[in-house]
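Novice: So Swiss-Prot says this about it:
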SIGNAL    1-20  signal peptide
BINDING   E202, D286, C390, N393  Ca(2+) 1 binding site
DISULFID  C310-C390  disulfide bond
DISULFID  C350-C374  disulfide bond
DISULFID  C352-C357  disulfide bond
BINDING   V405, N408, L410, E412, E415, D418  Ca(2+) 2 binding site
DISULFID  C406-C435  disulfide bond
DISULFID  C417-C430  disulfide bond
DISULFID  C419-C425  disulfide bond
DISULFID  C443-C449  disulfide bond
DISULFID  C461-C481  disulfide bond
DISULFID  C468-C500  disulfide bond
DISULFID  C493-C505  disulfide bond
DISULFID  C527-C573  disulfide bond
DISULFID  C540-C550  disulfide bond
Amino acid sequence: MIQVLLVTLCLAVFPYQGSSIILESGNVNDYEVVYPRKVTVLPKGAVQPKYEDAMQYEFKVNGEPVVLHLEKNKQLFSKDYSETHYSPDGREITTYPLVEDHCYYHGRIENDADSTASISACNGLKGHFKLQGEMYLIDPLKLPDSEAHAVFKYENVEKEDEAPKMCGVTQNWESYEPIKKASQLNLTPEQQAYLDAKKYVEFVVVLDHGMYTKYKDNLDKIKTRIFEIVNTMNEMFIPLNIRVALICLEIWSDKDKFNMTSAANVTSISFRNWRATDLLKRKSHDNAQLLTVIDFDGPTIGKAYMASMCDPKRSVGIIQDHSTINLMMAVTMAHEMGHNLGMDHDEKYCTCGAKSCVMAKALSRQPSKLFSNCSQEDYRKYLIKRRPKCILNEPNGTDIVSPPVCGNELLEVGEECDCGSPTNCQNPCCDAATCKLTPGSQCADGVCCDQCRFTRAGTECRQAKDDCDMADLCTGQSAECPTDRFQRNGHPCLNDNGYCYNRTCPTLKNQCIYFFGPNAAVAKDSCFKGNQKSNNHTYCRKENGKKIPCAPQDIKCGRLYCFRNLPGKKNICSVIYTPTDEDIGMVLPGTKCEDGKVCSNGHCVDVNIAYKSTTGFSQI
């Protein structure tokens, strides 16, 4: 018989009703003081770690006993998690802190099947829990020698302002290309296997200089807040079979890395470009979000690129630090990542079992951590059509923070498979007790694994997503689909309206639609002649800092000119020009400028010359 030692850290539970108090979460008008009692079951003689893998707290809410069960979120960080900040002279400082024994938990309330919890146990209990359909927040009261905490409903937090808070995304990623509901599609076994596979988003959070100064240069305070927010984000995506793992936190402690502006669209483009040219070269990741103190124009508090997960330029979001309540920030960040994963804004008919769902266009004063049925359908549809590969990349066994454990459904060092506990495992290819393949099995999971055997060579495992993609085939030697292949640069696309360039099909029309909306069109040639003038914003390229006007044959490779086609208004030659980032609004490299020609370094050149190299083709 195993002897256990019950360790009780606080024996008393004294409820107390308060009228008003100021906490980190804001001004609270009605709260209850509780003294949580922690009960930990340990084998006799066992050493108690600083933060146990599982904990249990008891306290009362509205006079009724509550038992809070917590489990450490072992998937919050990757082993190679890093933190980057900058010295006053701009020197990059990157550290790799030990994060295994962290203090961030998910949980539930005993005897409440609909309950959830996201809690930081670093210094008392801080976070939120859902009890009997109501969202409660809990904050430690900073009293000397006291275990007192305040518990209060979210609705009792004094609202910071009454202005609406909205997402800046306006375009449905399939506005012009409707398809059937994902549930109605006839899926191939490979598509179904892809849908069923666990997904992992390797996530980077970047804080601008304003965030650093807002928290009075206190790096520890900033980190704690971000960890609490991402812990909640992680919990929100679990029902979608996604793990959000924080792999890097970057803090611009010296200065902003580009000029910040209140125009969300411009800041989004600037952050996108900085990530592609700087951050990705230093830290491989799937998705990044910028948190800023900038008050975006209008009601906008966030913006992201639709259906862009894994895209080296577009898998980003920008977030305004609009609330002191971590739950509100987590919902906003999850909302923008939802856009990256193909989710549109909810319509009136969308439901999630709460008053508002994550993908509502306006942030509700009663936020929910649930994605609607529409969001889940959008996500499935996006996965089926786009199949973003990076989110299939499970963290390497050596990258997982916790020690290898057979039965946790994570493939770790020394394991051939891991289908969960023997009770829950339903995979006939995997021995749940040993995490080894069953006799005769070649594989247990993967899009090229069928009934425990490698799929026949030549079987399609990844459909072509568009004209510049190529279908990928199983090799017959692996359960995984080979590396994604793409059409060579210069391959015709979009009905010969463009040429493939670095996996995309850039056209003048699509660039006009991006900047000016779905009614926009390419302007007349007479507008583009403005690029022949030598002024501040019309030119073809820069040489040694000098702006070079376009030659007559190159005018469609300089500044982009569009017609907005606004109802009741005369079309004028419209351009986008931002002094803080002059590249915004220029025609993209690889864009078709004439039949058989593309833009290359501000010149309109023959497509075969632009992409020719010793191997036949190269990038511009």
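Any Cβ shown, glycine's included, is placed from N, Cα and C.
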Novice: Have a look at the recorded positions C350, C374, E412, C493, C500 and say which one has the shortest Cα distance to C419 (disulfide bond).
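Specialist: That would be E412, the closest of C350, C374, E412, C493, C500 to C419 (disulfide bond).
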Novice: Just give me the nearest neighbour of C527 (disulfide bond) among the binding-site residues E202, C390, E412, E415, D418, Cα to Cα.
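Specialist: Answer for the nearest of the binding-site residues: C390.
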Novice: Return one of helix, strand or coil for C419 (disulfide bond), based on DSSP.
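Specialist: It is coil.
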Novice: Give me the long-range Cβ neighbours of C390 (Ca(2+) 1 binding site): same chain, 6+ apart, Cβ under 8 Å, in sequence order.
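Specialist: Counting only residues 6 or more apart in sequence, the Cβ neighbours of C390 (Ca(2+) 1 binding site) under 8 Å are E202, D286, M309, C310.
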Novice: Counting only residues 6+ away in sequence within the same chain, which have a CB under 8 Å from the CB of C425 (disulfide bond)?
Specialist: C419, A432
Novice: What Cα-Cα separation, expressed in whole Å, is found between C435 (disulfide bond) and E415 (Ca(2+) 2 binding site)?
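Specialist: If we compare the Cα positions of C435 (disulfide bond) and E415 (Ca(2+) 2 binding site), the gap is 5 Å.
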Novice: At the Cα level, what's the spacing in Å between C550 (disulfide bond) and D418 (Ca(2+) 2 binding site), rounded?
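Specialist: Approximately 60 Å lies between the Cα of C550 (disulfide bond) and that of D418 (Ca(2+) 2 binding site).
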Novice: Near C350 (disulfide bond), which residues of its chain come within a Cβ-Cβ distance under 8 Å, counting only those 6 or more away in sequence?
Specialist: C357, M359, S372, N373, C374, S375
Novice: Hey, of C406, C430, C443, C461, C468, C500, which of those disulfide-bonded residues are within 10 Å of D418 (Ca(2+) 2 binding site), Cα to Cα?
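Specialist: Neighbours among disulfide-bonded residues, in sequence order: C406, C430.
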Novice: Spatially, and counting Cα to Cα, which of the binding-site residues is closest to C481 (disulfide bond)? Options: N393, E412, E415.
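Specialist: Checking each of N393, E412, E415 against C481 (disulfide bond), the shortest Cα distance is to N393.
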Novice: Based on Cα coordinates, which of the following recorded positions are within 10 Å of C505 (disulfide bond): C352, E415, C417, C461?
Specialist: none
Novice: List the Cα distance (Å, whole number) between N393 (Ca(2+) 1 binding site) and E412 (Ca(2+) 2 binding site).
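Specialist: Distance (Cα to Cα, whole Å): 13 Å.
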Novice: Taking the centroid of the Cβ atoms of E202, D286, C390, N393 (Ca(2+) 1 site), which other same-chain residues have Cβ within 8 Å of it?
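Specialist: Close Cβ neighbours, site residues excluded: Y200, V201, S284, H285, N287, C310, I391.
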Novice: At the level of the C-alpha atoms, what whole-angstrom distance separates C430 (disulfide bond) and C443 (disulfide bond)?
Specialist: 8
Novice: Reduced to three states, what secondary structure does DSSP give C573 (disulfide bond)?
Specialist: coil
